[in-house]
Amino acid sequence: MENTPASNFLQNIVRDDLAAGRVTEVVTRFPPEPNGYLHIGHAKSICVNFGLAEANGGRCNLRFDDTNPEKESQEFIDSILEDVRWLGFSWDGEVRFASAYFQQLYDWAVYLVEQGKAYVCDLNAEQAREYRGTLTEAGRNSPYRDRSVEENLDLLERMKAGEFAEGERVLRAKIDMASPNMNMRDPILYRIRKVQHHQTGKDWVIYPTYDFAHGQEDAIEGITHSVCTLEFEDHRPLYDWFINNLPVPSKPKQYEFGRLNPSYTVTSKRKLKQLVDEGVVSGWDDPRMPTVSGMRRRGYTPAAIRKFCEMIGTTRSDGVVDVAMLEFAIREDLNENAPRAMAVLNPLKIILTDYPEDKVELLSAPAHPTREELGERELPFTREVYIDAEDFREEANKKYKRLVLGKRVRLRNAYVIEADSVVRDEQGNITEVHAHTIPNTIGENPEDGVKPKGVIQWVSASHGKQAEVRLYDRLFNHEAPDRGDNDFMAHINPDSLQVVEQAWIEPSLADAKPEQGFQFEREGYFVADRDEHSAQHPVFNKTIGLRDTWQG
RNA sequence: UGGGGUGUCGCCAAGUGGCAAGGCACCGGGUUUUGAUCCCGGCAUUCGCAGGUUCGAAUCCUGCCACCCCAGCCA
């Protein structure tokens, strides 16, 4: 339960670098492209990068890798900033932007041209693909590869000046068209994009590619350990090539770890977008989405998400993590911190025939079973109460520990009652149950020694409030909805959302603030909806159910 | 068929030549005014496979096999 400092290969590398004096301080960065919402996978990356710095007395920058204006926007910048803050991390200094380094990057491009290590290529996209070769065949040199430095300089300047159309020319590094590593086959450094950039406006019509930008951004910021995911491993030789061939102010090193793949989940941006676009979910922050904003609205807590990231570790192997682990982390945090309350989702009225009609007893109950400091809340007890229909049966075997006709049950934090009879409607459905209280059973067992079989939650029919409760379940009913040739849309769980329009909640819950989480005893953890909850119209989202081992 | 990776219990994951940590899940049992929590106990003679080196191998060597990534002017 104690926080053993997460030891992993990255931590070991940092520790050794610090010990050997290769670096005096660890500086990492979280470098999202502002082209979408952050999801659970990004949360892991955030924990890894900020965590590595934090654990070693270093710093972590937040830098937007905004080199492709076509797909980016201020909206995404804002949401990413909010999500990182919400997760509880503080970046070093101001927020950084790759676009703030565009001039420096351009100057370095000119430098490479001057060194004869870059050239302007007139091949169009299709031709370039042909020249690139395949995985098993070497590529061929571009016919423009041997232009003079002067001509390249002139052409590059004119690309920058907007003299050419998009796609007409690119700047490429002169490396090796026969390299078995595709990334080294004269990679593109700059392409023409005549679009408005969310940060730099119309200043540029050429934009650097990821490969030409990322390592240099790291170098400018003095990043010591540039941590990314495994698919960038093949780019490392190129990353190093730029760092070694340019007069950069520092020499960062890239390290890769395995991406997080939770089971029963999709995290690809394209697929998440499809879920939103096709109305499968209500938006990017739908509580069923694995986005940070979705998890937030679902009632997951930053502490639980961070704990989960710590639990799964950071390695170079690629696997599928059981979402049960995430769920465990959520329950663990909420069990410790969420105040308890009672709610009845499927109401069945109980009339306590021995209890005076106008009588109201103000009982009090602890907000938490073990944490007294969380205080108490008041529970009005009345003649008519609601219990869950699931908690009553006319007859049942001994394994059923709830209310049964002729038997007793404890109303949580209140009296023991005994069921006497049922009232039915014309269709024969039970509409209410008549019962009576057992005297002196508040905080005490019945004096006649006949103990109740179980304990159930209840809400006063006259003093309780009504609420909308949204019951969420996994969005997919397949462990790996998008593995192989699976059509993930075919594995959508049709029961991932069930809305209870009129649940009954104990009166104290009317004071809940949006985003406040509770445990509805015997039901699970719920959170007051961030956007739609109000005292007038309470709305609670089910975060996660309680562990349920009842085999009945 | 080129290059780069990864293979330790159902899942995640320690371990780096000395005789398989831990967590999740699961299965027992105890406590309990939440069938929750909590507490106790169980859960890999075996580390992708096959050889080899060694007194000794998950750890070293050789050869296989499986899976992942790379042919965007995306990141």
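Glycine is no exception: its Cβ is also placed from the backbone N, Cα and C atoms.
Whatever TrEMBL says is automated annotation, not expert-curated.
Binding of ATP is attributed by TrEMBL to A:Glu33, A:Pro34, A:Asn35, A:His39, A:Ile40, A:Gly41, A:His42, A:Ala43, A:Lys44, A:Ser45, A:Arg259, A:Leu260, and the same site annotation extends, among A:Thr24, A:Thr67, A:Thr229, to A:Thr229. Looking at A:221-225, A:266-270, A:366-370, A:441-445, the range annotated in TrEMBL as motif ''KMSKS' region' turns out to be A:266-270. Matching A:32-42, A:472-482, A:505-515, A:538-548 against TrEMBL, the residues noted as motif ''HIGH' region' span A:32-42. A:Tyr210 (L-glutamine binding site) and A:Asn35 (ATP binding site) are 14 Å apart (CA-CA, integer value). Candidate binding-site residues: A:Ile40, A:Leu260. Fewest other C-beta atoms within 10 angstroms, A:Ile40. With a cut-off of 8 Å between CB atoms and residues at least 6 apart in sequence, the same chain places A:Phe64, A:Asp65, A:Asp66, A:Thr67, A:Asn68, A:Lys71, A:Glu72 near A:Glu33 (ATP binding site), listed in sequence order. Across the domain 'Glutamyl/glutaminyl-tRNA synthetase class Ib anti-codon binding' (A:338-436), the model assigns an average pLDDT of 97.
Long-range neighbours of A:Thr229 (ATP binding site) (same chain, six or more residues apart, CB within less than 8 Å of its CB): A:Ser45, A:Glu256, A:Phe257, A:Gly258, A:Arg259.
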